[in-house]
Amino acid sequence: ACPSCDASQLCNCSSMGLDFIPHGITAKITVLNLAHNRIKHIQSQDLQQAVNLRALLLQSNKISSIDEDSFWSLGKLERLDLSNNSLAHLSPVWFGHLFSLQHLHLQGNTYRDLGQSSPFSSLKNLSSLHLGNLQFSVIRQGNFEGIELLHQLWIDGSNLSQYEQGSLKSIKQINHMILNLRNSNIFSEIVRDLLHSVTWLEVRRITFSNAAEMQVLRVMSSSFVKKISFRQTLLTDATVPEIVSILEDMPKLVELELVDCRLLGTGQWKMEIQAKKSQTLRILTIKKLSIEEFYLFTDLQSVEGLLSLLTRVTVQNTKVFLVPCRISQHLQSLVYLDLSANLLGDLSLEHSACQGGWPSLQTLNLSQNSLSDLERTSKSLSHLGNLIVLDISQNNFGEIPDVCDWPKSLKYLNLSGTQIPKVTTCIPQTLEVLDVSGNNLKEFGLQLPLLKELYLTRNQLKTLPGAAPIPNLVSLSVRRNKLNSFSKEEFESFRRMKLLDASDNNFICSCEFLSFLHHEAGISQVLVGWPDKYVCDSPLAVRGAQVGAVHLSLMECHRSLVVSLICILVFLVILLLVAVGYKYHMVWYLRMTWAWLQAKRKPKRAPPKDVCYDAFVSYSENDSDWVENTMVRELEQACPPFRLCLHKRDFVPGKWIVDNIIDSIEKSRKTLFVLSEHFVQSEWCKYELDFSHFRLFDENNDAAILVLLEPIQGKAIPKRFCKLRKIMNTKTYLEWPLEE
């Protein structure tokens, strides 16, 4: 059974090592997650009661068979994920009753085709369909009958070798088509069927290595696609001109995207690209383009004609260290430029943003580059008369000058994570939004009359910035600083604000502070970072929850005091334990335990050369008269005499008693136990039994000799010496007679 199925409508049984669908799936469950288990078979009765199920997630199991009526009761199911299993075929009967199904994921199985007909003909509400695997090789006519409109169709056909013309023509419209193909001929055949039905075509893992291959793809020039994306695609100097030529001819193409692609070459393209036909391309996005010899790349003069109509350009994480001035000057219509995560430095930015370059630019993102001089950066961009938004975060400026020359139109400036130690009048007065988070600022006192939003997260502020210099401030974020309270004056000055986010600080909460927040502050929303459980009737908010007459626990209101009391209490407990241990010889007992463990690890038998005694005698001091005057005298005066080890006579003076016991047992051939009522009540005799227990009784020999000086009750022998009991019950021992 899955424990979470009893608690709510969401039943999460993922990664539990299940071999089958658990029992107890009831009608109240709407989401059932069984992903990442070991389920092999879905039976008819498994989901029979789940009539209200909306999402069934079975990905990453070992499912190889499904009973035909397994899903028949799931008429409300909207999402079914069977990806990454072992289904060798797809049956239309499985999906026959899934009238509400919108999302179906079947990729990563082992089927080679979709059958002779369409498995999806009854899925009238289907929105997204994911198909394919490494064995998927055939698409036949009729496989997609019944589907007229899809938001997303993903075909993973890296080994697709046969495509029957017209197979996808039955689908009238596909908003997003993802094709993972290697065979350019198959790709061409599929595109031919989708010339007028696809809005966004995404091509993955295809290789364009020579110009001859590109002729097969010439059919794309007639496509009505508005956006085309290439992911993990290989391009060369020979194929880039051909691709651009094809894209030029596409009548409705607006956006081109290259993500995680490789370009083998240096831009030495052999044919001049004529950019006379392309009047629709407006958006170019390049992310993580790998150019192995990027340092030899040319100035791209051959594509200048394509650039004049572009309005949005993104080139991220592509090792761009310079935008040639001629390229910048040709970007006449550009309003958005993202060059983040590249290698632009102060000198290269000055050259890239040359006079006449980017004349229409409104938004510029230069975050995560190699800029280091803020004054020089501002001067390089000062001629951009339309620039409104500038992001230069995550650069290492370090210092900030007192005066900078910014574009007069600048309203948004992001300087977060730039290592500036303070803020100065370098910050332009025209700003409406300023982000200086993550800079270790200790104060903020700038006069910014137009500022509406101020972000000071992750700094070292101990007080709120003054309100008078920023009279139009509407939103202030001071999260993760060192604030510990708000004064009444600070709140009074910020009454007009709509949002003050001061969560994750060091607030010292008190009843007075809460009362002030509730009754006196006029801010419509205050985030002070206390737990979400405080839900009251105030217009103020704590992480979005309404706050009023909050009752805080002792720990929450007096944290320092409580922590101090806990430390004192722990210290007193430790002191008490030390005193008790001293009184009851705890250190001695610990040493005894350590000696016992060391003795247990020693070899069971001492080497013959170390054996000095015939027997070690273990007895109670109360029985010493009989032992010393009777037993010892008889044995040591026998012929030949026996050599006995007695603690009174043979223990080494100054040596720890426990060590003496262990050494004496090890150096004796036998151990004589003189058992009596006094013996079993003696602590030292018990220790000798302890040490001999594993040393002698674990050996199947007669090393232990028991002499009962007087009758002993069985219950008087400690229970932990089970082998001593066994020896007394199974082997012969000596009894000293009552009448000597």
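Even glycines carry a Cβ here, placed using N, Cα and C.
TrEMBL names the disulfide partner of Cys354 among Cys325, Cys404 as Cys325. Around the Cβ of Cys426 (disulfide bond), the number of neighbouring Cβ atoms within 10 Å comes to 18.
For Cys354 (disulfide bond), the Cβ neighbour count at a 10 Å cut-off comes to 17, with all displayed protein chains included. In the predicted model, the domain 'TIR' (611-740) has a mean pLDDT of 78.
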